[in-house]
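**Q** The structure's right below; bear with me while I get my questions together.
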Amino acid sequence: MDEAESFVPFQGIKKDVKGRLNCYKQDWISGLRAGFRILAPTTYIFFASAIPVITFGEQLERDTDGKITAVQTLVSTALCGVIHSIIGGQPLLILGVAEPTVIMYTFMFNFAKSRTDLGSNLFLAWTGWVCLWTGLLLFLLAVLGACTFINRFTRLAGELFGILIAMLFMQEAIRGIVDEFGVPGRTNPRSAEFQPAWVFANGMFGLVLSSGLLYTGLKSRKARSWRFGAEWLRGFIADYGVPVMVVVWTCISYIPWKSVPQGIPRRLVSPNPWSPGAYQNWTVIKEMVDVPVLYILLAVVPASMIAVLYYFDHSVASQLAQQEDFNLRKPPAYHYDLFLLGFLTILCGLIGIPPSNGVIPQSPMHTKSLATLNHQLLRNKLVAAARKCIRNNATIGEVYGSMEEAYQQMQSPLIHQEPSRIQGLKQSHIQKASNADALVDETVFDIETEVENILPVEVKEQRVSNFLQAMMVAGCVAAMPLIKRIPSSVLWGYFAYMAIESLPGNQFWERIVLLFTAPSRRFKVLEDNHAVFIETVPFKTMAMFTLFQTAYLLVCFGITWVPVAGVLFPLMIMFLVPVRQYVLPNFFKGAHLQDLDAAEYEEAPAILSFNLKPEGEVSRATSFADSGEVMDGMFTRSRGEIRKVSSLKLGGGGSGSTVGSPAGGGVELMRRVVSFQNPRVSEKVYIRSLSDFRGGGEISPRSSAGRAPFSPRSATGGGGGEQRLSNLGKSV
């Protein structure tokens, strides 16, 4: 959208509504056609959404003297989630009560409690006015097209914000575990479970439960690569392992039930939804008229802070859920979603519950899970079509043609949408292959690997999963008696799990790890797929950029500890936009900044000379056991991006043969196919040997058997391709 056009009142909202209305019917049909398979991403995102909300509710219950509990946070998440899934613009966006909202409500409660003419009794009524002002400010921002500025956020800001959220989650987990060793407030310290010995026992048992959930949860996500168990069992554990582990460790907490006091381990504390104290907030609108006029006007101050906070969090969460790398085919709706958020904020304030907004990392996690689902459906269809064609002695051109036909059969053409990335594959690439008329030998033509190379990453864009997960959160309100049986330490373990799970794939985190890696071991980075900047940016420059980003991160994290003002830490993230645009170019070369702050997550392949596997063996080693595992390898987990990886099949001479590619022309075919998905691949030239990397004549014993050329420019066997040396070991 043009910036001048975006500031025309209502222009952005009208464009968003028009674009999404054309897709609305298909949003529901697409989800329903997925059948029971939609339950896997639904359950996955439900637990990622519900467990933090329950924990935040318990935190609010302590900080507001019971005025707000887990019942209210669950109701807010469910209500806003259902409304957004039905009439929202971007259905991939997940709404929920977030940590900044908890901090802000704690501040407002302490302020109200300290004022005799307001007091804790009018706290919810005053927050109703705060939410009313917040909603009006969000309306104003949406009408004026303020969301246009979100597009200026680069990887620098996004990854720093992702690490900051991970730090806040880990901080909450550590704080919760430490509290397990103390006596909670508003309890009888003379009770048996609060005696020093039992308090220590509660803390140690809680440490076991939280660590157990963290360890088993991380392991279960990699179940598809296990060597043991049937494929369906490994897939089930990978999809549902974390919620299953919550149940398992909850059951373990009941083992010593005869030998310990009843309160060990400690469990969630929240009233049932039918308890007298749980529904007093629903009539808070009647008490709003009792708030003094002065405090109604003063409510603009916290409302402005919350509006800025929601504008940033909601828009960035939506941006991360619909990145370009996800290849979404339907238009965004930033302005309309912000406008709808204003309505939801007012609604929540009028019924006395904390408002919900777009949350990170749940939103990109939702998109990633739907990409995995769509990938499984497409992959199975294309593999079946290819095998059927091969059994009929088809040529390679006919095989690819049948796969494209199968692909198009699964697509649902829409009006006003981006075209599919695979459209025209047969005409643009297959007919250019020199051996397109050659018969296919299934013993050397790896169908599944070929499908993985040509199948673009696409997301099953629909509203069903968001609607179902919101309804499941609503079901948690009625299931509160069961939820209260979960040990609080298990939830702290889940917080730590979400923090750690968000780190891999974050280039900022990878550079931090690289800084602490011994210089003699840094070459190990090149033995696996790695970010392209490792080869293009000098190590000294990389270190300076990382140290700047780390210092900025610590400043942002320190601000979160400042009373009241701590909630405005997103302003520091927003300040990175002018810093990146006007300040950093004075200290770093433009080419280096481009690689370190790239819009896409691009990786270079591992270097074959680091191991002695034949090319065919390495090619097969890079394939995955099943479709779900493929997406585990392709996705980063911090921002949910797609890793752009140069195919190993690009190497090798034009006269040789590779696994998955018929001799000679197959290499050229795959070069064109991969180039089609990522045009930048053809512009990258990678180092060939360990001696190149080290910049000297020293060669690893593992590289003595020969070197495989990796330059896509020499993929056809020609020489003369430019060779670029790695800069990882260089200081300038």
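Cβ coordinates come from backbone N, Cα and C, glycine included.
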**Q** Both LEU338 and TYR497 on the same side of the membrane in Swiss-Prot, yes or no?
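**A** Membrane side for LEU338 and TYR497, as annotated in Swiss-Prot: identical.
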**Q** Count the CB pairs under 8 A between the transmembrane segment (158-178) and each of 198-218, 235-255, 464-484, then give me the winner.
**A** 198-218
**Q** I'd like the per-state residue tally for the topological domain 'Cytoplasmic' (179-197) from DSSP, helix first, then strand, then coil.
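**A** Residue counts in helix, strand and coil order: 6 helix, 0 strand, 13 coil.
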**Q** Is the transmembrane segment (198-218) in contact with the transmembrane segment (292-312), using three or more Cβ pairs under 8 angstroms as the rule and ignoring pairs under 6 apart in sequence?
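**A** No; fewer than 3 Cβ pairs under 8 Å.
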**Q** Could you give me the DSSP helix, strand and coil counts for the topological domain 'Extracellular' (219-234)?
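**A** Final tally across the stretch: 9 helix, 0 strand, 7 coil.
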**Q** Select the range from 78-98, 340-360, 557-577 that forms the most Cβ-Cβ pairs under 8 Å with the transmembrane segment (464-484).
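**A** Top-ranked stretch among 78-98, 340-360, 557-577: 78-98.
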**Q** At a C-beta cut-off of under 8 Å, are there same-chain residues at least 6 beyond the topological domain 'Cytoplasmic' (256-291) that contact it? List them, or none.
**A** 54, 57-58, 61, 66-72, 118, 122, 124-126, 128-129, 180, 184, 191-194, 198, 201-202, 205-206, 209, 350-353, 477-478, 480-481, 483-489, 491
